[in-house]
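Enquirer: Please read through the structure below; I'll follow up with questions.
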Amino acid sequence: MDKHKFIQQRQPHWKQFEEFLMSIRRESFTKLPAEEISKYSQLLREVSNDLATIRSRGWGHDLTSYLNDLVARGHNLFYGAPPANLAGVFHYLAVGFPRLFRANIGYFLTACLLFFLPLGISWYVVQNNPSLATRIIPEEMMANFDLMYGEESPLNNEEEKTTDRTDEKDSFLSEESTFGDQRASMAGFYINHNVGIALQCFALGILLGVGTIYTLLFNGIFLGAVSGYIVSQGNGERFLSFVISHGSFELTAIAVAGGAGLILGDALIHPGQRTRFQSLQVRGLEAVQIAGGAAVMLVVAALIEAFWSPSGISNLVKYVVGSGLWIIVFIYLGFAGRQADITPLPVKKRERSKSSEVGFNRGPHS
Amino acid sequence: MISTITSDETVPTSANFPQQNFTAQREVLSLEMKIETPENVVLTYQLAGPAQRYIAYMIDLAIRLAILFGAMMVINMIGIVLPGTAIGIFLVIMFLNTWGYYTISEGFFKGQSIGKHICGLRVIRDGGYPITFWPALLRNLARSADAIIFYGIGITSMLLTRRFQRLGDLVAGTVVIQERSLKLPRKPVILKKIQPLNKNDIGSFVPRDEVLSLIDEFMGRRHVLTYERGHALAGILAKSLAERLKYSGDSQKVEQYPMAFLASVYQTFSLSNHQEEDEFTVSNQSRIRNREVSLG
């Protein structure tokens with residue numbers, strides 16, 4: 001067939017497809033009626049065919065690149081992933097993330113070893129020998145810790161303060177409101193700071209895992225030294241009651257993010273049957289979903305740390321709630337999403353499990 | 001730059017230059033990425049180089065700073081009433097700005113941040129598919145590894161990989177491409193005043209379609225070259241074509257007016273094709289018309 005004739009015949013179709021591609025940006029593709037979609041998918045195949053024809057006959061660079069771009073855009077549209085929705089987010093948090101976590105639990109345990117072991121050692125050493133703390137913690141920071149957890153600290157919820165407050169109801173109220181206000185700023189700080197560190201800890205795993213290991217070791221030693229120092233100054237009670245609630249989410253999440261970073265490093269070092277890049281891509285997609293879960297956990301931890309941990313509730317309640325949170329984290333990571341199968345459950349089983357489906361966590365044998 | 005070279009210098013050298021070397025060179029320097037679609041068609045994408053991506057990055061950086069600055073103004077207003085909350089919100093915005101700007105824009109707006117949109121760049125999966133949330137998150141978290149020593153690691157990785165991928169691209173399996181705007185091709189040049197070659201002057205050789213469309217495109221674009229340069233370039237093809245055709249007509253035409261010669265070659269063969277397959281196209285046209293009816 002002749003080039004002129006061919007172009008003359010096909011151009012209306014190309015134009016039609018082009019207009020469709022332009023218009024589809026505004027409205028959602030999924031809302032199109034079925035006939036429209038099949039019509040345009042046929043058009044896409046026709047244009048693909050035209051492209052192949054023109055290529056094989058060598059009918060010019062301009063024409064080829066025009067059709068190439070047309071097909072590429074169509075390809076992009078038709079083979080795109082379905083849009084994300086809220087149900088997907090919930091499924092990820094309730095099923096996807098804990099499952100992926102358990103599938104890669106070895107990395108998490110390694111990260112725990114890299115994080116909690118130096119934490120414990122430096123805690124033990126510094127608590128018995130507080131003068132060593134100066135080697136790790138800057139001076140101003142130490143003064144800050146003394147202020148935070150000392151007798152005068154806002155965490156001090158002993159009798160004297162509450163009696164002060166009850167004198168004047170107005171001042172009590174205003175104090176409460178500024179307390180909440182200040183806490184909000186701390187929440188922002190924790191989100192920005194802690195989640196940032198965890199995400200960086202994960203991302204640096206791409207440097208053969210070295211960055212992750214460094215971050216884990218450094219933070220473990222530093223946190224251990226801080227804890228040991230504060231406890232050695234006799235402020236242990238206030239510190240532990242402050243830390244126990246959010247520690248469940250925070251410390252675990254750091255190890256989870258570290259484990260995800262180790263996956264990246266391991267994918268590069270031990271690619272197995274794949275090439276190194278392939279292995280990095282396949283494992284990386286798993287790793288980032290684990291790291292995303294860690295980020296969500298850290299946001300939860302930041303909210304607890306900001307609003308619950310420093311509140312003036314008696315230490316006993318804090319310990320109870322804190323240990324409850326540790327159990328929740330354990331159950332969530334250990335058992336959430338165990339029953340949710342990809343294949344539909346048999347009817348009877350599904351009915352039974354429906355009651356537990358509402359809850360966030362599911363027991364192993366319920 | 002090329003057009004300033006005079007014809008005296010270029011004609012002899014370029015005419016003797018072996019044709020094959022041009023194609024070999026083009027392969028090595030290619031910025032194109034090939035992908036096979038489910039329709040069994042090979043698509044090519046033009047990859048974006050480090051320089052273009054740098055410009056896009058600078059635009060994005062300016063926008064991110066502007067966002068922070070704007071947020072600061074608003075936060076200052078809130079800060080009059082609730083100073084603590086204002087700082088908290090500002091810190092969250094800062095967090096989203098550092099870790100979320102690219103992820104959100106690339107994950108939800110088809111692989112384009114604002115800077116990339118302005119520069120006509122787009123992030124896609126290396127299978128040609130649009131990027132989704134998790135790869136977008138992955139490639140932008142890895143940015144913090146790429147950004148070490150002022151993006152030294154990222155740039156090194158880009159220069160070492162064939163598809164200009166930084167570490168984030170490698171781990172997420174993405175590439176950055178340069179989007180071309182959809183542009184309807186020009187109509188093939190129709191040469192009314194040019195006479196086709198005399199059939200008695202030429203042998204039985206029929207040039208391939210590629211050669212004819214090359215002539216077509218050359219004619220369409222000759223105004224971007226100076227007369228001398230266009231003349232010199234046309235001379236290369238005209239000379240070898242005349243040889244293959246065993247052209248026995250006016251040899252002065254090939255030497256002095258190579259462009260006119262090419263035009264008449266084009267006229268000769270594209271027209272003859274035209275008439276031979278006339279019946280075929282008519283039947284084809286009616287078939288297409290039928291299909292249109294069934295479509296809608």
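Using N, Cα and C of the backbone, Cβ positions are placed for all residues, glycine too.
Just lifted these from TrEMBL, have a look:
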- A:158-172: compositional bias 'Basic and acidic residues' (COMPBIAS)
- A:154-173: region 'Disordered' (REGION)
- A:77-95: transmembrane segment (TRANSMEM)
- A:107-126: transmembrane segment (TRANSMEM)
- A:201-231: transmembrane segment (TRANSMEM)
- A:251-269: transmembrane segment (TRANSMEM)
- A:290-310: transmembrane segment (TRANSMEM)
- A:316-335: transmembrane segment (TRANSMEM)
Enquirer: So which of A:77-95, A:107-126, A:201-231, A:290-310, A:316-335 is most in touch with the transmembrane segment (A:251-269), counting Cβ pairs under 8 Å?
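Expert: Selected stretch: A:201-231, with the most Cβ pairs under 8 Å.
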Enquirer: Quick one: find which recorded stretch in A:77-95, A:107-126, A:290-310, A:316-335 has the most Cβ pairs under 8 Å with the transmembrane segment (A:201-231).
Expert: A:107-126
Enquirer: Checking distant contacts: for the transmembrane segment (A:77-95), what same-chain residues at least six beyond its ends satisfy Cβ-Cβ under 8 A?
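Expert: Residues 21, 24, 28-30, 41, 44, 289, 292-293, 296, 336-337, 340, 360.
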Enquirer: For the transmembrane segment (A:290-310), could you work out the same-chain residues 6 or more beyond its ends whose Cβ comes under 8 Å from its Cβ atoms?
Expert: 92-93, 97-98, 100-101, 104, 154-155, 180, 183-184, 186-187, 190-191, 194-195, 198-199, 202, 242-243, 245-246, 248-250, 252-254, 256-257, 259-261, 263, 318, 321, 325, 329
